[in-house]
Amino acid sequence: MGTRPDDVVEAFLNHLAVERGSAENTLRAYRTDLSRYLEHLAARGIDDLAAVREADVTAFVPALRGGPAGLAASSAARALAAVRGLHRFAVRDGLVPDDVARDVAPPALPVRLPRTLSVDEVEQLLAGCIGDGPPALRARALLELLYSTGARISEAVGLDVDDLDAVARTVLLRGKGGKQRIVPVGRPALAAVDAYLVRGRPALAARGRGTPALLLNARGARLSRQSAWHALRAAADAAGLTSVVSPHTLRHCFATHLLAGGADVRVVQELLGHASVTTTQIYTHVTVDTLREVYATSHPRALRAPRTP
């Protein structure tokens, strides 16, 4: 293989798929971002990755951000991360001598605090799973698992029946890049899963060809992420919480409520499966805001007007 940019991109994507076990969604996003990078290099007359200089990579971010169809800072940062991964791969495989993307800084990102629900609102959401048929039992099990474990929706629908250990009260989650982690499960979630396994899953499984998946759809196959999101949305509709619920809402609540209860941020990092504690620390801003509100309305010296000098 030479150092034609498109050849190196294909080799890099193959590396991510085969050696790193990256998810299909991740590969799709990388392909999109790297296609933009190839267009950027072509526009600059570069047809050899070895000819790329740091200035060429640096110019990529403003090129993404500019124009009427410019990308948001977060999307541009993601694209740059893909480009940096590409150049690291090229250096590692001896295709180019230097990593010219290593020191290119991503665009500054606005700090967006995740919208979370109070404990009472979570209870209200869980109560939105109304009914005793298989779909309702499945929805209740799904939502209880999401809140109890902090799992991503993709991790929850990826669960097999054997991934739950009711005796140890743990569940095996498969996260990004094929990384696995074992997290505790609360008793309410286990009770909801047990009710689903006894009274819901058998009827769904009878319509399929046999699958180890925990959460099944109406055809007896593994539940999709989209169907899981629809179940969450339906529960939110029933609870009157539609406008504040997203696919990650219960994951956000899991982290925020743990930190508010005194959990160490590094423990929460492990439970969430974050590679860096920096990603987890955004939830500390949420709890600090809550503490600030409590302080402002409760502490005597916060309530007292300042003395005039």
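Each residue, glycine too, has its Cβ placed from N, Cα and C.
Owing to the predicted nature of the structure, the values given are computational and were not obtained by experimental measurement.
Features as listed in TrEMBL:
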- Arg152: active site (ACT_SITE)
- Lys176: active site (ACT_SITE)
- His248: active site (ACT_SITE)
- Arg251: active site (ACT_SITE)
- His274: active site (ACT_SITE)
- Tyr283: active site, O-(3'-phospho-DNA)-tyrosine intermediate (ACT_SITE)
- 3-91: domain 'Core-binding (CB)' (DOMAIN)
- 112-296: domain 'Tyr recombinase' (DOMAIN)
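Measuring Cα to Cα from His274 (active site), none of the active-site residues Arg152, His248, Arg251 fall within 10 Å.
Comparing the Cα of Lys176 (active site) with the Cα of every entry in Arg152, His248, Arg251, these being the active-site residues, the smallest distance points to Arg152. A straight line from the CA of His248 (active site) to the CA of Arg152 (active site) spans 7 Å. Each residue contributes its Cα atom, and for Arg152 (active site) and Arg251 (active site) those atoms are 7 Å apart. Within its own chain, Arg251 (active site) has Leu146, Gly150, Ala151, Arg152, Leu272 as residues 6 or more apart in sequence whose C-beta sits under 8 angstroms from its own. Cβ-based crowding with a 10 Å cutoff singles out Arg152 as the top-ranked of the active-site residues Arg152, Lys176, His248, His274.
For the recorded site, Arg152 (active site), the DSSP three-state label reads coil.
Residues of the domain 'Core-binding (CB)' (3-91) grouped by DSSP class, helix first, strand second and coil last, total 67 helix, 0 strand, 22 coil.
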